[in-house]
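Novice: Sending over a structure as structure tokens; questions will come in a sec.
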Amino acid sequence: MEGHRNDDVSNRPTKVYSDDQFVVEVPETAHQISSDSWFQVGFVLTTGINSAYVLGYSGAVMVPLGWVGGVVGLILATAISLYANALIAQLHEFGGKRHIRYRDLAGFIYGPKAYSLTWILQYVNLFMINVGYVILAGQALKATYVLFRDDNTMKLPYFIAIAGFACGLFAICIPHLSALRIWLGFSTFFSLVYIVISFALSLRDGIRAPPRDYGIPGSNINKVFTTIGASASLVFAFNTGMLPEIQATVKQPVVGNMMKSLYFQFTVGVLPLYAVAFMGYWAYGNESSAYLLNSVSGPVWVKAFANISAFLQTVIALHIFASPMYEYLDTKYGIKGSALAVKNLSFRVMVRGGYLVITTLLAAAIPFIGDFMALTGAISTFPLTFILANHMYLVAKRNKLTSWQKLWHWLNVIFFGFMSVAAAVAALRLIAVDSKTYSIFADI
């Protein structure tokens with residue numbers, strides 16, 4: 001089983017004590033582990049779900065599903081996401097090893113092939129999330145620009161390029177996930193700004209507006225595909241696809257503290273998301289925008305403040321989802337010591353800068369944020385968070401589960417497997433339709 005780690009320095013473990021005072025091996029890594037409180041980790045998770053993506057859920061989730069489907073769907077997605085993430089968290093020290101990477105956990109349970117497959121799935125997931133973040137950051141900058149100069153001179157791809165450059169600078173300056181610390185405070189402030197402003201302006205518009213149409217738009221066949229696509233966006237909203245990597249940063253006891261972080265994320269942390277999604281849909285009905293701040297009316301300076309806050313928070317959030325890639329590369333090439341050392345700094349400039357150049361190019365070429373949310377949920381969030389979580393728990397705990405518990409996990413595997421395939425087809429269809437409507441590097 002160790003064959004899949006030959007090229008990784010993480011095969012030289014250290015030993016610490018687990019929650020139950022058993023010795024647990026910890027793989028070597030260039031980044032910090034067991035250094036953060038459960039509260040800080042809870043804020044990392046909350047930052048992910050309350051990123052500027054929340055400004056799109058009125059249009060990407062509520063419009064295709066309507067009031068009943070949207071409200072029930074979001075609540076169900078919250079519950080099943082908490083459950084699936086709890087399964088993964090409980091396996092963090094399974095078998096006497098600390099599994100600080102998703103691929104390490106899958107490889108330990110299944111073997112080398114699963115290690116490689118999980119690695120591919122996870123990095124596709126995180127890459128697509130980061131493409132979406134760059135699109136969002138570009139949209140926020142463009143929305144700010146048109147408030148003052150709606151002359152159509154600056155196109156969306158230009159703003160996406162600026163956003164990618166800003167993300168690159170931040171990635172070079174922040175060496176690892178635990179180094180975010182004070183930036184998580186800034187992120188929370190920025191999130192509150194655009195969430196409060198979008199909520200308040202939507203409320204004002206809704207009070208003043210005539211009755212809205214809450215009917216689900218499109219033909220019957222379109223409704224089927226958009227509903228399935230929206231289900232993928234639902235699970236995308238609440239899941240990172242990198243829980244073991246985040247759990248690696250939490251202090252001992254790692255399972256107990258991670259559960260506290262998850263409870264924080266899925267109680268207090270989801271309330272802003274609910275508020276924005278429901279209020280935006282209530283105010284604008286089925287005309288809700290894929291970027292809510294494009295729908296609201298109000299003082300120019302207030303909208304500009306919200307858009308700039310969305311841009312800055314997106315830069316911070318992208319760094320969280322890019323950190324597994326950075327950790328792998330830093331560990332593989334032995335990037336340790338001072339973050340300001342010439343070797344370390346130049347490595348971050350070249351490697352992280354190169355990664356974000358590719359991310360930015362794809363974001364500018366295909367800037368369909370709703371489609372990316374659906375496709376990411378379909379091809380990676382469903383498999384990683386729901387299918388793999390249930391099956392790994394089933395395999396790891398098979399001698400301790402009753403027949404009914406085993407049946408329950410198998411039903412989850414089968415159901416989410418079907419949903420993953422159906423949602424992938426729906427998302428690819430949405431991208432194909434939008435690609436016919438818009439050209440490459442579209443200004444939308």
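Any Cβ shown, glycine's included, is placed from N, Cα and C.
Whatever TrEMBL says is automated annotation, not expert-curated.
As listed in TrEMBL for this protein:
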| type | residues | note |
| --- | --- | --- |
| DOMAIN | 36-428 | domain 'Amino acid transporter transmembrane' |
| TRANSMEM | 67-93 | transmembrane segment |
| TRANSMEM | 114-136 | transmembrane segment |
| TRANSMEM | 156-175 | transmembrane segment |
| TRANSMEM | 182-201 | transmembrane segment |
| TRANSMEM | 221-241 | transmembrane segment |
| TRANSMEM | 262-284 | transmembrane segment |
| TRANSMEM | 304-329 | transmembrane segment |
| TRANSMEM | 349-369 | transmembrane segment |
| TRANSMEM | 375-395 | transmembrane segment |
| TRANSMEM | 407-432 | transmembrane segment |
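Walk me through where these features lie, including what they touch and how far apart they are.
Specialist: Remote same-chain residues near the transmembrane segment (182-201) are listed as 40, 43-44, 46-47, 50-52, 54-55, 174, 272, 275-276, 279-280, 292-293, 296-298, 302-303, 305-307, 309-310, 312-313, 316-317 (criterion: CB distance under 8 Å, separation of at least six residues from the stretch ends).
Residues 38-39, 42, 45-46, 49-50, 54-55, 57-59, 61-63, 67, 70-71, 74, 78, 81-82, 85-86, 89, 191-192, 195, 198-199, 202-203, 205-206, 209, 212, 214, 237-238, 292, 295 of the same chain lie 6+ residues outside the transmembrane segment (262-284) yet bring a C-beta within less than 8 angstroms of a C-beta in it.
Same-chain neighbours of the transmembrane segment (304-329): 29-31, 44, 47-48, 51-52, 55, 101-102, 122-123, 126-127, 129-130, 133-134, 136-137, 140-141, 143-144, 147-148, 163, 166-167, 170-171, 174, 176-177, 180, 183-184, 186-187, 189-191, 193-194, 197-198, 240, 242, 245, 293, 335, 348, 351-352, 355-356, counting only residues six or more beyond its ends whose CB sits under 8 Å from a CB of the stretch.
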Novice: Counting only residues 6+ away from its ends, which parts of the chain sit with a Cβ under 8 Å from the transmembrane segment (349-369)?
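Specialist: Contacts with the transmembrane segment (349-369): 56, 60, 127, 130-132, 134-136, 138-139, 156-157, 160-161, 163-165, 167-168, 171-172, 290-291, 322, 325-326, 329, 430-431, 434-435, 438, 440-442, 444.
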Novice: Would you call the transmembrane segment (114-136) and the transmembrane segment (67-93) in contact, using three or more Cβ pairs under 8 Å, pairs 6 or more apart in sequence?
Specialist: no
